[in-house]
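Features as listed in TrEMBL:
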| type | residues | note |
| --- | --- | --- |
| DOMAIN | 5-114 | domain 'Gfo/Idh/MocA-like oxidoreductase N-terminal' |
| DOMAIN | 134-249 | domain 'GFO/IDH/MocA-like oxidoreductase' |
Amino acid sequence: MDMVRWGVLSTANIGTEHVIPGMQKGKLCSVEAIASRSKEKAERVAAQLDIEKAYGSYEQLLADANIDAIYIPLPNHMHVEWTIEALEAGKHVLCEKPISMNREEAEKLARSVEDFPDLKVMEAFMYRFHPQWDQVKQWLKEEKVGRITSIDSIFTYFNNNPDNIRNKAEIGGGGMLDIGCYCLSASRYILHDEPVQVFAEMDFDPEFETDRLATGVLTFPGCSATFTCSTQSSPTQKLTILGTEGIIEMDIPFNPLLATTTVYLKKDGEIVEKKEFSADHYTLQGDAFSKAILDDTEVPTPLEDALANMKVIDALFESAKRQAVIKL
Ligand SMILES: NC(=O)c1ccc[n+]([C@@H]2O[C@H](COP(=O)([O-])OP(=O)(O)OC[C@H]3O[C@@H](n4cnc5c(N)ncnc54)[C@H](OP(=O)(O)O)[C@@H]3O)[C@@H](O)[C@H]2O)c1
């Protein structure tokens, strides 16, 4: 096998607009089937994206013996259920972020995965595959900013469409699960560590009952990470790493799509290095995961990382509810 044969569960926007076209550009991914609750929709999307097979149910796709791996861009409440279904059907799984609705569900998945030691599972935090992050990691490795003292990140957009999955609390809507999860994941990734305590303030939409604005502080040993995420604010994303000897700033840290994004290294208020990047992180993610399947090696981001992120998300919700610092 020199390419992984992929099937996609649903005609989700993220899949049809970005992830599938990205994977189709990859060297190791062959997207061969798509399933939808509607056979007509599956057929239409398959024709548009030049995908060979279209199925009218997710179960039918999982029963296809000629598919090796499944990409799951379903609403958040379906992630764990369908990851387990796919594993039981003998498929590797790349599941969209967040891996689950909460820590309990993520732990359930982690237990189930133990029954399938030959299959790979990864949460699709695609941002980590963008080359701008290799540059940031390199600067940190070279200690260009000295000791990291704080990280600050923001990720926002405005979406008040009641039909959008982000505005339906019961299926995993809200800013924390959709975009706040990136801020936490990135801070943990930068520090290669876990927070010891967290605090958050959240504002919930009165109609949707989803968190539409969340601001929080994650306390790591020797460093703090602050973040803001919002589903009802002007769209932006930024990340700053402050150190004792310098600052790293990222223009579009999480989802630059195909846009050129810039990372800056600053000292004493001056730009000392500036690097521009343009890449498709969905292509790179698909190939990296496929390579782990083909070579039978560890996936780039292990499931423990997804579990740790869910643990932080749960603690932030608890903090906002109790208006208290939550120890981890
Ligand atoms: N990594 C990234 O860059 C990124 C970006 C955006 C979103 N995401 C993640 O990707 C996932 C999908 O997001 P999206 O915005 O693409 O979603 P979306 O367009 O609303 O698509 C979700 C799909 O799930 C299927 N579905 C099954 N049961 C459903 C239900 N009860 N309600 C709604 N849809 C249902 C539908 O497909 P069928 O009708 O074809 O069955 C629907 O098209 C989420 O987990 C989100 O967090 C990731």
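All positions are counted from 1 along the displayed chain.
Cβ coordinates are placed from backbone N, Cα and C, and glycine is handled just like the others.
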Problem set entry | Residues of the domain 'GFO/IDH/MocA-like oxidoreductase' (134-249) by DSSP state, where helix covers H, G and I | 31 helix, 52 strand, 33 coil
Exercise. Under the DSSP assignment, what numbers of helix, strand and coil residues are found in the domain 'Gfo/Idh/MocA-like oxidoreductase N-terminal' (5-114)?
Worked result: 52 helix, 23 strand, 35 coil
